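**Student:** Got a structure here, written out as structure tokens. Questions coming.
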């Protein structure tokens, strides 16, 4: 009888222990801060920030080579389309957030330079009776200000990515109108109403609080300023989507291991694309941050999308 009487007691104690474990798990979760995801893992926001920082510290040296390998070089076309969509004019002040290795910044500089050169040629055509001294003076002025007061500020949270970007700039001969700033997209180190254009290319997916990053983008833009985001998105074609998944999960991590010696970082990058909000949801988030005339353009059947909005 005594042994039989232990059954309910054991059940009661077991339930209490289970409830206690659940409470302890909840307490640990609360202590570590709000929960989010790192790829397909559930982690705290602080842990996610640390892990993402480590990912880009690990891949910085091979980042551009891997971009070419993963996208078969198509990322260059996507970035060209972004800058042409921006259509900056001489005098434009751009902040490129998460722009570490300088791809968007260098394209911006090239674009503005080409516009300045065209403007000079048109000016000389209109004044064909200019003396050679006046023509020479015009070219000298162009040399002094080849960007016409345009500037681009590359802001990135990762020191290693900025280091690689600065090395590339030096190697390629970019210096005029270019600066590098260590900063967090969720808390930008800039004054309000400072920039004409804000770009973020393949970076917002790695921001822990996208809502905060969008609010900061809105804050630092001048009234009339433009927000442009280039990011991996969601493929609309079912057949292409299956092929894309196969390539992403079976090929990209292998390339990461072969080229960069880092399977895990590229496995995360693939998983992070799948966890990123689809086009319409990101559009709504941008609108919630205060932007107007928000739209998006799918590229390569939605493998990537460019979202655009204005601060009015």
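Including glycine, each Cβ sits where the backbone N, Cα and C put it.
TrEMBL: automatically predicted annotations, no manual curation.
Annotations per TrEMBL:
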type	residues	note
BINDING	101, 156, 184, 185	S-adenosyl-L-methionine binding site
**Student:** For the binding-site residues 156, 184, 185, work out the Cβ neighbour count at 10 Å and name the residue with the minimum.
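**Tutor:** Result for the binding-site residues 156, 184, 185: minimum number of other Cβ atoms within 10 Å at 184.
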**Student:** Please report the number of other Cβ atoms within 10 Å of the Cβ of residue 101 (S-adenosyl-L-methionine binding site).
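**Tutor:** The Cβ of residue 101 (S-adenosyl-L-methionine binding site) has 22 Cβ neighbours within 10 Å.
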